[in-house]
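Undergrad: What Swiss-Prot shows for this protein is this:
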- D80, D82, D84: Mg(2+) binding site (BINDING)
- C81, C98, C105: Zn(2+) binding site (BINDING)
Amino acid sequence: MNTEPTWMAEVVFDENGLIPAIAQDAETGQILMVAWMSREALAETAATGRAVYWSRSRQRLWRKGEESGHAQDVHELRLDCDGDVILLKVHQNGGIACHTGRASCFYRRLEGTASQAEWITIDPVLKDPELIYK
């Protein structure tokens, strides 16, 4: 007997059973991070209202904030037009989404002309990662 929710049938997972997931601040619209979700992670996220991802490096579910305390409360889940990307509109607890201690994982901007361009860090560290992951 299949206990998977019917809405899951519209979600297109890749050959590894994963789908990219974009976490966006529900209030400001700032993109916080991109991660991956498995069916189990997406189902748990929808059921609990807390963001759960699939850690490709650890090969297990990653409940955002389980180590750092910086959980994501999900306000809304959206599916893109092709069904192959999830958007999570979240409240980021602690204001830190990135393991580097920044609000967003997108803290570097490309500056300069094509051949002279370089990535410049534009967002500050809000909390030392060594204090987050101790």
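Cβ atoms are placed via backbone N, Cα and C, with glycine included.
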Undergrad: Far apart in sequence but close in space: which same-chain residues, 6 or more away, have a Cβ under 8 Å from C105 (Zn(2+) binding site)?
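TA: Correct list: L32, M33, V34, A97, C98.
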Undergrad: Based on Cβ atoms within 10 Å, give me the single least packed residue among the binding-site residues C81, C98.
TA: C81
Undergrad: Within its own chain, what residues at least 6 apart in sequence put their Cβ under 8 Å from the Cβ of D80 (Mg(2+) binding site), listed in sequence order?
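TA: When sequence neighbours closer than 6 are ignored, D80 (Mg(2+) binding site) has I86, L87 within Cβ distance under 8 Å.
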Undergrad: Given a separation of at least six residues and a C-beta threshold under 8 Å, show me what packs close to D84 (Mg(2+) binding site) in the same chain.
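TA: D84 (Mg(2+) binding site) has long-range Cβ partners V12, F13, D14, I19, P20.
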Undergrad: Reduced to three states, what secondary structure does DSSP give D82 (Mg(2+) binding site)?
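TA: Assignment for D82 (Mg(2+) binding site) reads coil.
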